[in-house]
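Per Swiss-Prot, the features are:
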type: BINDING; residues: ASN125, THR175, LYS179, ARG296, HIS328, SER380; note: substrate binding site
type: ACT_SITE; residues: LYS177; note: active site, proton acceptor
type: BINDING; residues: LYS203, ASP205, GLU206; note: Mg(2+) binding site
type: MOD_RES; residues: LYS203; note: N6-carboxylysine
type: ACT_SITE; residues: HIS295; note: active site, proton acceptor
type: SITE; residues: LYS335; note: site 'Transition state stabilizer'
Amino acid sequence: MNEPTQITDTKKRYAAGVLKYAQMGYWNGDYVPKDTDILALFRITPQDGVDPIEAAAAVAGESSTATWTVVWTDRLTACDMYRAKAYKVEPVPNNPGQYFCYVAYDLSLFEEGSIANVTASIIGNVFSFKPLKAARLEDMKFPVSYVKTFAGPPTGIVVERERLDKFGRPLLGATTKPKLGLSGRNYGRVVYEGLKGGLDFMKDDENINSQPFMHWRDRFLFVMDAVNKASAATGEVKGSYLNVTAGTMEEMYRRAEFAKELGSVIIMIDLVVGYTAIQSMSNWARQNDMVLHMHRAGHGTYTRQKNHGVSFRVIAKWLRMAGVDHLHTGTAVGKLEGDPLTVQGYYNVCRDTHTKVDLPRGIFFDQDWGALKKVMPVASGGIHAGQMHQLIDLFGDDVVLQFGGGTIGHPQGIQAGATANRVALEAMVLARNEGRDIKNEGPQILRDAAKSCTPLAAALDTWGDITFNYTSTDTSDYVPTPSVA
């Protein structure tokens, strides 16, 4: 890599024509980021023959003020301040041809409290830039002064636990299955059985909205009837995530208002509604004392590939600022993408007060979250009672463990499946609190608990050996990929 020289002679710098991005001032290897800068780390793969520093400068330019040619109107602005500055480029370990590119952006480039504006700048244009074979946004750092322009989660972990009166353990949930095709009445029956058996939550899946087989209003009515009956039967606060995702904001508000009228404690939206809609629903949830659950539907289209797209750790940061209370963040042991360390990094982003640099977990920047409330991570997708020790060891207490098929697919029925999960959870938490090594003793702890719980014994017999131990595509560049098997 050759250290380029910025053209400082005004006449030459603004002469009509084309200059390299580094020469225009989008590279500064001596730049020291300010406390008020927004920082971004990109993984870039330059085209053959393209100098990595020039590629980094192009990323900085195209994500801030540059265009392909010199424009004299730059001189009408404080262009030296507004130009993003690539300030460090280093090879990605064990990935020839890939480079980590650090870029600093002046805070005044961004609108306060707008994730839509952040994304339009940082990922809006540069990812289709021809000099790059591929680009991926790996991490970001936001100054606390900018973080404070966002309201963040409307409820947060602490208040949610107070409303539920449930402490000292993970929360339990399940997604109603099959997620499409049930009538409203049968859907409500599934919800009742799951909650009566010991779950804290049931939930809609990402693509259940309002279809010919079940209108959204029917679903809400039958589900809330089931929630109320299960709460009365168990003496516990129960809930079911009512998906209010719709084609317009007006319709989403209408569905959310109806959920509130029925007494729901929680509503749900999908990531695909977009960041402006997410922030709008977050404001509504805050004004109406409602927990807001976020399903990350669609994220894998741009988070999964290691060399191109956006890391989910960045999405998690954006969503914490945008203001969601629950966020699907991976299981590490289930059927969906994510190795243990990388997924733990996502959880830390959701739950930390101050996130520290942690390269094995993919965290490249310190992040002060100011007074933003914490997001409750959700582990969902291909998990079952036999993995309870792994889940608690990996993620601790502040997590929702959602067993969809692992509840509804139980050989003795839905209520038995819920009971199996609740007993497995209670047994594991008790063993941990007594000082036992649940990571290594977990299988035996579960077998001992199953001696007095037929549903748990059946669950272990059915799924005890089921794993999804495939190699993840998105792993740390700094440590070998660990296994949970």
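Start at 1 and count along the chain as shown; that gives each residue its number.
Placement of Cβ uses the backbone N, Cα and C atoms for every residue, glycine included.
Here the features listed in Swiss-Prot are painted onto the structure.
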| residue | record | contacts (Cβ under 8 Å, 6+ apart) |
| --- | --- | --- |
| ASN125 | substrate binding site | GLU62, SER63 |
| THR175 | substrate binding site | MET202, LYS203, ASP204, ASP205, SER380, GLN402, GLY404 |
| LYS177 | active site, proton acceptor | VAL190, ASP205, GLY404, GLY405, ILE408, GLY409 |
| GLU206 | Mg(2+) binding site | LYS179, ASN243, THR245, ASP270, HIS295, ALA297 |
| ARG296 | substrate binding site | LEU271, PHE312, ILE315, LEU327, HIS328, THR329 |
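Cβ neighbour density within 10 Å is lowest for LYS179 among the recorded positions LYS179, HIS295. In this structure, the binding-site residues LYS203, HIS328 were compared by how many other Cβ atoms lie within 10 Å of their Cβ, and the smallest count belongs to HIS328. Taking the binding-site residues ASP205, SER380 in turn, the residue surrounded by the fewest other Cβ atoms inside 10 Å of its Cβ turns out to be ASP205.
For the recorded site, LYS203 (Mg(2+) binding site), the DSSP three-state label reads strand. Secondary structure at LYS177 (active site, proton acceptor), taken from DSSP and collapsed to helix, strand or coil, is coil. Each of THR175, THR176, LYS179, ASP204, ASN207, ILE208, TYR241, ASN243, MET268, HIS295 belongs to the same chain as LYS203, ASP205, GLU206, is absent from that list, and has a C-beta within 8 angstroms of the C-beta centroid marking the Mg(2+) site.
DSSP gives SER380 (substrate binding site) a strand state.
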